[in-house]
Amino acid sequence: MPLAPDLAELLARARADLRMGVPVVLQGAAGGALVLAAEVLEPRRLAAVQAMGAPDLVLTARRAETLKARAYDGEVARVVLPAGADAAWVQGLADPKDDLTMPMKGPLETRRGGDASLQRLAVTLCKSARMLPAAVVLPLEYPEGLAPRETLTLIDADVAAPHMLTLAALDHVVSARVPLRAAEQARLHIFRPEDGSEEHYAVEIGRPDRHAPVLARLHSACFTGDLLGSLKCDCGPQLNAALAQMGQEGAGVLLYLNQEGRGIGLANKMRAYALQDQGFDTVEANHRLGFEDDERDFRLGAEILRRMGFGAVRLLTNNPAKIAMMERCGIEVTERVPLKVGETSHNAAYLAVKAAKSGHLL
Ligand SMILES: Nc1nc2c(ncn2[C@@H]2O[C@H](COP(=O)(O)OP(=O)(O)OP(=O)(O)O)[C@@H](O)[C@H]2O)c(=O)[nH]1
Ligand SMILES: [Zn+2]
């Protein structure tokens, strides 16, 4: 039926459902599962799920580590919901904000054995919806009937899991001239992923030669640094310095990738900032939330460069991982151009942690 949504469209719908607190049904060779995002779990919905069976709270192994729960399923852990566990209990485990003031969360029982592939997909979906990486998951014996009866989104898990590892195709929607303070000759290009996720932008300065390495910056969105002038990071000064250098050289390309908070989204980044106020560093905060240090997908940047006709770059960065990813994605990095600006008393420790733990070059 050509009118029906395809898998990518169903996944976009599933992300929207999960953000609203609506359950999603997964079905695959491993069986079926009803999934709810822990972050927005409503008591009435949890009660309905508990009336159907015994759901687990699925956390990442990172979050489980902080909670001293054993993760038997690789990247995730299935925490058994004790009798009487309510939505507040679930959210207390999913969200680390009160870990220090209310440390008595365990001991937690986690499941081992069996297939946890649906649970892994559930957490991946929560992450891609930019929520806390935690899901309430109820295994279902007969998922086929439930989804249409309750008008829930039904996802073919066996196809969705590998699909979510691939980069969505990008459409070049439009470009137009935008004279900038840093460079009068500038164009803004809009790229729209076909999976319904956020758009990304490319600022093209001058008319860079497509046959020579272009001065390029892959800038990840930072609302606080880029727009508000936050002193907690160096993003705003880096953005401006990169554009200024491209303006001076008369050519360059700045990709503005909407991967806020190293890919965890602004709400989660603010959760990380709140944990930093409790004394954790930027990497520890991500881990306590259940994320890896860096959840960005840099294939995206390489793909946009390729689409614009660039095969080689002089990359403005201090991050060796960006260089490695570009090379791996077939974009040659002929030179690393350091970008050292914007150090303040507020971000000195943050920059030191990035150098010590994430390999940033000083
Ligand atoms: N999760 C998290 N993200 C942060 C924090 N501080 C800044 N960010 C995000 O980190 C990203 C920084 O992006 P970039 O400056 O492009 O990347 P980088 O890895 O520092 O590399 P270069 O600047 O190129 O050296 C942005 O998405 C910010 O929103 C933090 O404490 N926690
Ligand atoms: Zn920033």
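The backbone N, Cα and C atoms fix where each Cβ goes, and this holds for glycine too.
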R217, L218, H219, S220, A221, Q238, E260, G261, R262, T317, K322 bind GTP in TrEMBL, but which of T282, T344 does that record place at the same site?
T282
For C222 (Zn(2+) binding site), the number of other Cβ atoms found within 10 Å of its own Cβ:
23
Could you give the Cα-Cα distance between T317 (GTP binding site) and C235 (Zn(2+) binding site), in whole Å?
11
Within 10 Å of R296 (active site, nucleophile) by C-alpha distance: pick out those among the binding-site residues H219, C222, C235, E260, and say none if nothing qualifies.
E260
State the count of C-beta atoms found within 10 angstroms of the C-beta of C235 (Zn(2+) binding site), not counting that atom itself.
21
State the Cα to Cα distance, in Å, between R262 (GTP binding site) and C235 (Zn(2+) binding site), rounded to an integer.
12
